[in-house]
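Read the structure below first, then the notes.
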Amino acid sequence: MAERPEDLNLPNAVITRIIKEALPDGVNISKEARSAISRAASVFVLYATSCANNFAMKGKRKTLNASDVLSAMEEMEFQRFITPLKEALEAYRREQKGKKEASEQKKKDKDKKTDSEEQDRSRDEDNEEDEERLEEEEQNEEEDVDN
């Protein structure tokens, strides 16, 4: 847990970006208002986390999950945010699944490349052995001819 109240505030850059995206062009905001919004956002996050934690504890879990957060939003009477949050969650899961599949494919491709390289090395070693054997046989034939 944070030791000082200011440690609980979200980064100013994040708050400023969110505010700029929410307001129409040409509308400015004072430092005082930005600070108040930052504190309000921090309080909201703490409250939502506390409510979500209660749902996790009821489920005898120590890890909060997405359903805990969605339940907390409903308990806090923020129903209108539940659908957009579910949509964002699904988009996040699709993105993570795509990243995982891409990572697995990259690993498979790397493994195939490694297998191919090993086969090439093995083939090269076999060819070198064959060449050495042929040279030996030629030398033996030359020695036989000389004798």
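Every residue, even glycine, has its Cβ placed from backbone N, Cα and C.
Summarising the annotation, TrEMBL assigns compositional bias 'Basic and acidic residues' to 93-124.
Annotation comment: TrEMBL describes 125-147 as compositional bias 'Acidic residues'.
Feature annotation from TrEMBL assigns domain 'Transcription factor CBF/NF-Y/archaeal histone' to 9-73. For the domain 'Transcription factor CBF/NF-Y/archaeal histone' (9-73), the mean pLDDT of the prediction comes to 93.
Counting residue by residue with DSSP, the region 'Disordered' (93-147) contains 54 helix, 0 strand, 1 coil. According to TrEMBL, the region 'Disordered' annotation covers 93-147.
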Checklist outcome for this item: DSSP puts the residues of the domain 'Transcription factor CBF/NF-Y/archaeal histone' (9-73) at 47 helix, 0 strand, 18 coil
